[in-house]
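To keep things clear, I will list the structure first and then write my remarks on it.
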């Protein structure tokens with residue numbers, strides 16, 4: 001076991017929205033990455049739906065210890081709205097701030113020869129450029145390399161031109177894009193092994209070196225160094241590290257939903273007695289689950305289970321890159337009606353810009369029902385009111401709350417985004433093809449299972465990211481981690497396209 005402790009951290013950065021890449025079949029892949037800066041709280045849910053819809057268009061298409069990634073940022077889109085990390089690559093190690101994306105597989109950063117790459121960031125982070133020639137351990141990846149061939153199968157890589165260079169081209173739905181080539185070099189890690197932290201551990205991984213960026217990726221006010229893909233395919237970091245025996249093929253996160261933000265991300269399985277598991281739907285590129293029914297205040301809603309079945313055009317996906325949550329169109333009206341009927345005597349029901357909202361002076365915990373999403377294997381995800389409602393405004397003691405669950409017209413997709421995922425442990429057990437969860441205070445410690453030779457328990461008091469982007473020491477710290485991680489890529493409350 002490894003005990004991981006997190007405390008919240010407030011990051012003084014501009015509110016940012018990053019829609020990261022999800023790779024589908026066919027190369028070059030069309031991916032969506034969008035970012036924007038809200039200036040106030042008066043953002044319409046229609047704008048949120050528009051931004052998330054771009055992402056959904058492509059969605060429709062033995063371990064060596066625990067690696068610990070302290071999380072910085074917060075879920076609240078009106079404060080930071082971004083979780084991010086700092087990774088160290090190359091020799092000598094160089095810092096890169098990258099967004100973690102569970103909907104894509106590739107880790108890529110800006111290269112020194114990049115055209116259109118920003119040089120400064122409004123996020124108060126120092127941008128860097130990777131130079132393969134300046135790293136003593138870097139090597140180019142050719143088309144004949146086996147790992148390149150593996151990437152071609154999942155549309156994460158391709159061989160372009162006559163250079164025999166393994167390359168990539170990602171085009172995003174907002175018109176931005178990136179292209180480049182792959183390199184093999186060291187990523188520097190802190191790993192808990194046999195009750196000790198190996199601070200100088202490193203592993204060879206393949207990642208992308210971006211030589212061209214267009215669209216929003218070129219804007220300095222919202223710039224980062226790259227994207228950290230955390231999907232299931234073979235080019236993902238978790239797959240590469242687990243294949244080398246450096247990490248188990250399971251990762252866990254616990255994202256704080258309060259203003260202070262922060263959280264936990266580890267390569268390993270958080271051990272919590274209240275965790276329930278449901279199997280992943282096999283042979284899917286995303287984290288698809290078998291949702292069977294929805295209950296409101298313990299009563300199962302009259303929705304045909306076939307509405308949630310997985311196919312090419314429908315299914316239920318866990319996606320940390322979606323801000324809101326989305327219900328299949330055939331289930332949406334029944335769900336909203338059940339909530340409205342429950343609170344009809346204690347709140348005023350109103351429609352704001354097409355969204356079901358409620359005016360109330362009471363605490364939502366006192367009047368709104370619990371919602372249960374019931375999955376295969378008997379696992380239920382219980383949602384509190386704050387897990388399906390979004391506060392829009394508050395005047396003279398009366399607050400307007402709107403249903404955060406939305407629908408995609410004409411689509412049978414159900415997507416559980418950050419609105420639902422926050423303030424819970426989530427475990428992605430890829431080795432056993434299952435996902436587990438439990439409600440949890442993400443500011444407290446967790447135990448993480450680790451397969452060590454001795455079987456001893458480990459203890460890590462994890463670090464976190466400061467306002468300046470550096471790693472801070474905390475009282476009674478055991479170690480200072482070299483990698484700070486974002487598990488979530490958030491859609492932010494501004495600049496969204498209308499449906």
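Quick reminder: no glycine exception, Cβ is built from N, Cα and C everywhere.
TrEMBL: automatically predicted annotations, no manual curation.
Here is what TrEMBL says about this protein:
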DOMAIN    83-438  domain 'Peptidase A1'
ACT_SITE  101  active site
ACT_SITE  319  active site
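Taking the Cα atom of each, residue 319 (active site) and residue 101 (active site) are about 9 angstrom apart. For residue 319 (active site), the number of other Cβ atoms no farther than 10 Å from its own Cβ, over all displayed protein chains, is 28.
Cβ neighbour count for residue 101 (active site): 29 (other Cβ atoms within 10 Å of its Cβ, all protein chains included).
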